[in-house]
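> I have a structure here, written as structure tokens, and I will follow up with some questions on it.
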Amino acid sequence: MLKGAWQARIVTLFPEAFPGTLGLSLTGKALEMGLWSLETIDLRPFGEGRHRNVDDNPAGGGAGMVLRADIVARALDAASVGTPPERSRWPVVYLSPRGKPFSQAMARDWAGAEGLTLLCGRFEGVDQRVLDAYAVEEVSLGDFVLTGGEIAAQALIDATVRLIPRVLGNHASTEEESFSEGLLEFPQYTRPTVWQDRTIPEVLLSGHHANIARWRRAEAERLTKERRPDLWRAYCAARGRDPDEDREL
């Protein structure tokens, strides 16, 4: 690992799930180059008893099991060794469907930190007391439920790592893609010029960079307005525009 490289630490019952897809393609190459590092902290050894139990029945009754606060705390303590205490420099995140929605802005903030600790839940969740005591931020990948946080953790790390300098060969690509300016990305095309009687828009073949930029901006606005009205309203509000205006998108 290169000095000062971004670090990801994962507290999980399934350390064998990593690096998973993070070990492939550009993120995998960057991992090999030492541009970032990945460490898993197995929750099981911190468990109690002969079977290293990590969970117990939910207080008040109900289905499923809950990860115990004392056991999760020991794992978080192990994960925090050598990390700064300020959460802005090193966020500690619990992946939860009730958390704050993950966003590109969040990924940018994390990429600018020194590293990140992710707690992958299982069963019915984690005892709330440890989340409160350790100032753990709850983050959601979307409005759906997974059997555990490992898949979500890989997605969040991928979105963050690709923003680290030198991970992507072309930094400009991160500036043009979806959400970089609050808009969805414009449509992309490549050769052949004609495929099944469908042609690449003429403006993209014109070589006129200003016209291409205008077309891409208009398409990005059109798609955002059609598919993500929430993003469109926020985009317009930030620019003093009426979201219902008609600009021939």
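Cβ atoms are placed via backbone N, Cα and C, with glycine included.
So Swiss-Prot lists these for the protein:
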- Gly121, Leu141, Gly142, Asp143, Phe144, Val145, Leu146: S-adenosyl-L-methionine binding site (BINDING)
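Just tell me what is around each of these and how deep it sits.
In the shown protein chains, 8 other C-beta atoms lie within 10 A of the C-beta of Phe144 (S-adenosyl-L-methionine binding site).
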> For the binding-site residues listed here (Gly121, Gly142), tell me which residue's CB has the most neighbouring CB atoms inside 10 Å.
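Selected residue: Gly121.
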> Let me check the 10 A CB neighbour count of Asp143 (S-adenosyl-L-methionine binding site). How many other CB atoms are there?
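Neighbour count, Cβ to Cβ under the 10 Å cut-off: 7.
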> Validating a neighbour-count step here. Other CB atoms within 10 A of the CB of Leu141 (S-adenosyl-L-methionine binding site): how many?
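I get 19 for this one.
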